[in-house]
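Novice: Sharing a structure below in structure tokens format, with a few things to ask.
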Amino acid sequence: MKVEPKIREFICTTAHPEGCREHVKRQIACVKREKIIHEGERVPKKVLVIGASTGYGLASRITAGFGCGAATLGIMFEKPSNGKRTATPGWYNTAAYEEEARKEGLYAKTINGDAFSREVKEKTIALIKEDWGKADMVIYSLAAPRRTDTEGNTWVSSLKTTGEPFTEKSLDLRNNTIAEKTVEPATAEELEGTKKVMGGEDWLDWIKALKEADALAEQALTVAYSYIGPKLTYPIYYDGTIGQAKRHLEHTAEVIAEEFPSVQARISVNKALVTQASAAIPIVPLYFAILYRVMKEQGNHEGCIEQMVRLFKEKLLKETPPVDEKGRIRMDDWELEEDIQNRVWEIWNQVTTENVEQISDIRGYWEDFYQMFGFGFENIDYEKDVEIQVSIPSIK
Ligand SMILES: NC(=O)c1ccc[n+]([C@@H]2O[C@H](COP(=O)([O-])OP(=O)(O)OC[C@H]3O[C@@H](n4cnc5c(N)ncnc54)[C@H](O)[C@@H]3O)[C@@H](O)[C@H]2O)c1
């Protein structure tokens, strides 16, 4: 079947299997150009990646696998094709990852299911015990709209402010126009729900479950991803519901360190990038488009894979990684440089529907967006029929 993008605001409801494969292959090639491991550093060998199929989790898996030679077990929540609709991009990415890994003799298995559930945790632990004995690294990279906890309560995440309503310029993704958008404050229940979904409770549950089952190696490393961003987006991000959840996640690193002193728990604050999760945040896409423009001009723009390569190569695997005053690794260091942010702010103040194409990198925004779903690669023939039912080697 011929597959075309079908976009609804911040989501594309189709994905191109060959394009997704190309996306994964390009990320693998990027990792292979780098020397990730240096003498005397820890080398992760058995890596569990929770949220492994897209965005930062997929880039982490590729870096661990192809950069460190690690066996990887990925957890994801994706849909296969039913023959009529395409699979979700994370499904195709994972099929491609496993195939490419196998070609190089790298262990790669995947569990498709709800990472928040006890069932998936048990299945994961059973597989780790059977195949590896113990995992030595756990990457927590979930971004989810809801969570049913182990007691059966369902929580929903919101992207709202926590104080006053917030009105700012926003990019209308349906027609690339700039209009003001108001984000309303969350109710107490919405705030609580966001913390339950995107905070650290489930990360801690995973570490506890793995420890109790004796499935984590001594001195195992675990990392979860956070975001702060510029003052411009504080009302909707850092001081909004999601920011409160991220503070909870960050605090969870301390809880893990206290409860399990043999586990090294780290937070990495990553750069703002277009992913399926972040494209849904109001106001933020316009910031992406301007930030991309400024960082590309400065020559220090990175995508998910470049971020993860730099994280592994320069920070995470060091005996004592460079951290900020709160103990966090800062991969948003370049994004938040004063020069970059001053320029972003200057453009932000000038941007209108008429000049958005000229003064921001809206093209780069859409390029990243299309590529996430396997579209827009010049070497893929999108006129050709493709098989949309693709199987993942480790999933029967
Ligand atoms: N994108 C950014 O700008 C940015 C910046 C800094 C930090 N982060 C953080 O990085 C992490 C990953 O986000 P992303 O932007 O890469 O998102 P993403 O949407 O690309 O990835 C989410 C992953 O979680 C998986 N997932 C979702 N619900 C699941 C469930 N119930 N069970 C199992 N798997 C599930 C998906 O399959 C996918 O692999 C998040 O914590 C996010 O806040 C993102």
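Don't overthink the numbers, they just go from 1 along the chain as shown.
Cβ atoms are placed via backbone N, Cα and C, with glycine included.
Nobody curates TrEMBL annotations by hand; they come from automatic prediction.
The domain 'Trans-2-enoyl-CoA reductase-like NAD(P)H binding' annotation in TrEMBL covers 3-82. TrEMBL lists 51-56, 77-78, 114-115, 142-143, LYS246, 273-275 with the feature NAD(+) binding site. The site 'Plays an important role in discriminating NADH against NADPH' feature in TrEMBL is assigned to GLU78. TrEMBL lists TYR227 with the feature substrate binding site. Among the features that TrEMBL reports, active site, proton donor is placed at TYR237.
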Novice: Let's check the environment of ASP114 (NAD(+) binding site): how many other CB atoms sit within 10 Å of its CB?
Specialist: 15
Novice: Listed binding-site residues are SER53, PHE77, ASP114; which of them have CA atoms within 10 A of the CA of TYR227 (substrate binding site)?
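Specialist: Final answer: none.
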Novice: How far is it from SER53 (NAD(+) binding site) to the residue listed as 'active site, proton donor', counting Cα to Cα, in Å?
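Specialist: Rounded to the nearest whole number, the Cα-Cα distance is 24 Å.
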Novice: When you measure from each Cβ to the nearest atom of ligand 1, which of the recorded positions SER53, GLY55, PHE77, LEU142, TYR237, VAL274 fall under 6 angstroms?
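Specialist: Checking each Cβ against ligand 1, the ones under 6 Å are SER53, GLY55, PHE77, LEU142.
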Novice: Using all protein chains shown, find which of the binding-site residues LEU142, VAL274 scores highest when you count other CB atoms within 10 A of its CB.
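Specialist: Within the set of binding-site residues, the most crowded position is VAL274.
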Novice: I need the CA-to-CA distance for LEU142 (NAD(+) binding site) versus the residue listed as 'active site, proton donor', whole Å please.
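Specialist: For LEU142 (NAD(+) binding site) versus the residue listed as 'active site, proton donor', the Cα atoms are 17 Å apart.
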Novice: Taking the Cβ of SER53 (NAD(+) binding site) as centre, how many other Cβ atoms lie within 10 Å?
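Specialist: Around the Cβ of SER53 (NAD(+) binding site), 28 other Cβ atoms lie within 10 Å.
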Novice: Roughly how many Å separate the Cα of GLY55 (NAD(+) binding site) from that of GLU78 (site 'Plays an important role in discriminating NADH against NADPH'), to the nearest whole number?
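Specialist: Given the Cα positions, GLY55 (NAD(+) binding site) is 13 Å from GLU78 (site 'Plays an important role in discriminating NADH against NADPH').
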Novice: Indicate the candidate from TYR227, TYR237 with the smallest number of other Cβ atoms within 10 Å of its Cβ, considering only these recorded positions.
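Specialist: Across TYR227, TYR237, these recorded positions, the one with fewest Cβ atoms within 10 Å is TYR227.
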Novice: How does the domain 'Trans-2-enoyl-CoA reductase-like NAD(P)H binding' (3-82) divide up by DSSP, counting helix, then strand, then coil residues?
Specialist: 30 helix, 15 strand, 35 coil
Novice: Give the distance between the Cα atoms of LYS246 (NAD(+) binding site) and TYR237 (active site, proton donor), rounded to the nearest whole Å.
Specialist: 10
Novice: Roughly how many Å lie between the Cα atoms of VAL274 (NAD(+) binding site) and GLU78 (site 'Plays an important role in discriminating NADH against NADPH'), rounded to a whole value?
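Specialist: If we compare the Cα positions of VAL274 (NAD(+) binding site) and GLU78 (site 'Plays an important role in discriminating NADH against NADPH'), the gap is 19 Å.
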Novice: Helix, strand or coil for ASP114 (NAD(+) binding site)? Use DSSP.
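Specialist: Where ASP114 (NAD(+) binding site) sits, the three-state DSSP reduction gives coil.
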